[in-house]
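**Student:** This is the structure, below, for whatever I ask next.
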């Protein structure tokens, strides 16, 4: 459907009001009535759907579809990540990595090292996968160093989310590059130029500032799970410990390289693509951890099995909350909120970079989906991009990626992941996650605007 000349209807106003009402109700229900996030999001979903004239059974279907889809993608990955994290903690691998990093990065250098490590891990990985790999290391390093949890966690979060927003081969930037016919290599180069200052500002600098103003303690259950006391047995070496945590990273990086540089149907390319699927890569890492971090250092088989089973309990609430966020997102999409936002943008007369960023911001705020924001924004702007130079198309693609992470809130699955993993209150999550992503988004916009002037 061509939305560039579509008329604004009363239904569009109704959708905007319903979306705002749903988000407000979720915040109120969690903050004031102290309802569990899953129940609050479920109620907010029905407020949005029924207010937009969607029949109750259709709201229920949309919620189930969105929750099932998101948990189908992320649920098993999170469960495998919890198993891997528990094995790393129980075996002493997380402790080994943490102590080695602390020997080389004491005091003021620690947040910067965490940001760098997170960028390396975050380059080939989805944010959700990188987070489940980094959380055990974050908890152990914070405990051993005596540093505030946020001072360690925020640089890691910033490193991963910035790469996810601005650097191909992540899906968002890659979708924009494809739709706008931008040059992939140029987009990666310019994306790196923008990502570095974004990580610096949103990571170490913001983390140091916020840690002085917000006291966050590790959540008891996950903290105990990921910082288990190691029995007096031989610990795995640093090399083995690092290899286990990097194994899924390397497998997914191999898949990315296969997609970019190899014949699509070649045997090697097909093998690398299979091994690089997040589910397969993390599954292989868990099996490797069972062997290298469990059996090979003297853990009994029933003990290893017990560690794996114990790891799943603390993530039950996390999975329910994430699923509910997916249900809300799907319901908002079903009622047509993305089309309404597109109409708002169609009459604007702004620079391509600013327009791309604003459309992506509006769509992300309304839908909670970076993919929807990126795909729709690129589709709206693609007809206008024909006469632009390659560098300019790349900068528009990066502006879309930056806009797609602006102030992510209660309709964003990542918001709830961060809240549950770090045991945060709702207001704390806004400071830790929403503001962090806003810094990344604004720095991304400013960087794209400055580079646009440079290349004119």
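Even glycines carry a Cβ here, placed using N, Cα and C.
All TrEMBL annotations are machine predictions without curation.
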**Student:** Do you know which of 38-55, 218-235 TrEMBL annotates as transmembrane segment?
**Tutor:** 38-55
**Student:** Against the transmembrane segment (312-332), which of these stretches has the most C-beta pairs under 8 Å: 12-32, 187-209, 238-258?
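**Tutor:** Most Cβ pairs under 8 Å with the transmembrane segment (312-332) come from 12-32.
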**Student:** Do at least three C-beta pairs under 8 angstroms join the transmembrane segment (187-209) to the transmembrane segment (12-32), pairs 6 or more apart in sequence?
**Tutor:** no
**Student:** Could you tell me whether the transmembrane segment (395-418) and the transmembrane segment (149-167) are in contact, taking contact to mean 3+ Cβ pairs under 8 Å with a sequence separation of 6 or more?
**Tutor:** yes
**Student:** Thinking of Cβ pairs under 8 Å, which stretch from 12-32, 67-89, 238-258 has the most of them with the transmembrane segment (395-418)?
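**Tutor:** Stretch with the highest Cβ contact count: 12-32.
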**Student:** Can you work out which residues elsewhere in the same chain, 6+ from the ends of the transmembrane segment (12-32), have a Cβ less than 8 Å from its Cβ atoms?
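**Tutor:** For the transmembrane segment (12-32), the nonlocal Cβ contacts are 39-41, 43-45, 47-48, 51-53, 328, 332, 335-337, 340, 343, 366, 409-411, 426-427.
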